[in-house]
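Quick look at what Swiss-Prot lists:
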| type | residues | note |
| --- | --- | --- |
| DOMAIN | 6-41 | domain 'EF-hand 1' |
| DOMAIN | 83-118 | domain 'EF-hand 2' |
| DOMAIN | 119-151 | domain 'EF-hand 3' |
| MOD_RES | Ala1 | N-acetylalanine |
Amino acid sequence: ADFSDDRITECQEAFELFDRSAEGKVFLGQVGDILRALGQNPTNGDVTKVLGNPPKEELATKQVSFSEFLPMLAQIERQTEHGSYEDFVEGLRVFDKENNGKIMGAELRHVLSTLGEKMSEEEVEESLLQGQQDPNGCIHYEEFSKYLLEG
């Protein structure tokens, strides 16, 4: 992932907050906290995986530099993006009564305006217009999810 200069500065500042020794390194055990400070929400399993599955004792002894940390952040961000699409589609699949990849526009309207991060009526209508309902008032939810998450 290519980070903007602003994002790199933001990451550097967060990294330095955890760098107790001022040597430009942090302990493996701090990486998860830095990722979370930067707005990510990885599971402990995700963090362990991105660290290369180190033995537990290395978490408090082995260190990483900022240049080693950035690719870890990029990997977690990629996972998050991928996960959210899968999660979204999975959540909408519940409403796919006929198992044909489509849900009723009315149901989708209800879901978007009442669950999770609620959207305003205008946002819902605009999103549904982009989702192109078929003549039966159904929307292909996988395509719609891609549209919605890619903005």
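Think of each number as a place in line: the chain as shown, counted from 1.
Backbone N, Cα and C atoms are what each Cβ position is placed from, and that goes for glycine too.
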### Message
Below 8 angstroms Cβ to Cβ, which residues of this chain, lying six or more residues outside the domain 'EF-hand 3' (119-151), approach it?
### Response
81, 84-85, 88-89, 92-93, 95-96, 101-106, 108-109, 112-113
### Message
Which sequence-distant residues neighbour the domain 'EF-hand 1' (6-41)? Criterion: at least 6 residues beyond either end, Cβ under 8 Å.
### Response
47, 50-51, 54, 58-66, 69-70, 72-73, 76-77, 80
#### Entry: Overall pLDDT of the domain 'EF-hand 3' (119-151), taken as the mean
78
